[in-house]
Amino acid sequence: MATLLRGVLRPLYAFRGGPGPPAGVPFRAVSHGTGLLYPEHIPTSVLQKVLLAAGSAGMALYDPYRHDMVAVLGETTGRRTLKVLRDQMKRDPEGAQILQERPRISLSTLDMGKLRSLPEGSFGRAYLHFLDVNVASGRGMTRVSPDTRAPTRFVDDEELAYVIQRYREIHDMLHALLGMPTNILGEIVVKWFEAVQTGLPMCVLSALFGPIRLSAQSLQLLISELIPWAVENGRRAPCVLNVYYERRWEQPLQALRQELGITEPPLRVEGLV
């Protein structure tokens, strides 16, 4: 029995073992007979995936800021949905180009000097402002950086692994597009938008159970104002994975929002928890 448990839990030990490779490392098949499909890939059985999904779901519900557990949950439950998203990208010219070129978003790939040189009102400047505001922890805020996204480990398909990695790496850009901070309320609103957009189980779970930690006032605002707005925008917008954001820095933020059908949020949520 002990041997069986060690075999089942071994992937989780490996997951906890290190930070992973730099985000500049491309997703390409590099198995060379080792059974690994991409950097940091950890092959897992069906039983291991079930246990990882159950454990990560419990931890994510207990602490929504455990992004490592949210990442594991997404990788172990979203294979079917990732295939749908991958197919949507293949059918779109810009999405297909992203799949072909496999761009990565990290501090090593971002030209921060260029972003700072962009005019106010551009998408790139709005994204930079988001990073400047949220790069350090504040009251009720999450510390964020392009390098804080966990590497994909448990998806047993190299192309699908890139799709979920790309989803993680554009998450902060969605915050900037939607005008949402990284406090609890802002994260929940973005998760509702992502749940409608992607259908990923982890997004749906976070959207449904994230509000349990909100105050009564914030919960009322979420239900009456913010969820309807996020759902409407999520339904109206085309697949956000089909936007080559790195080539849209100079585009005015309002023009990009208009292109995607994203409207201004109904209220400001800074300071609300």
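Even glycines carry a Cβ here, placed using N, Cα and C.
What TrEMBL says about this one:
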type	residues	note
BINDING	HIS171, ASP172, HIS175, GLU187	Zn(2+) binding site
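Counting every protein chain shown, the number of other Cβ atoms lying within 10 Å of the Cβ of HIS175 (Zn(2+) binding site) is 23. Using a 10 Å Cβ-Cβ cutoff, HIS171 (Zn(2+) binding site) registers 19 neighbours. A 10 Å cutoff on Cβ-Cβ distances gives GLU187 (Zn(2+) binding site) a total of 20 other Cβ atoms nearby, all chains included.
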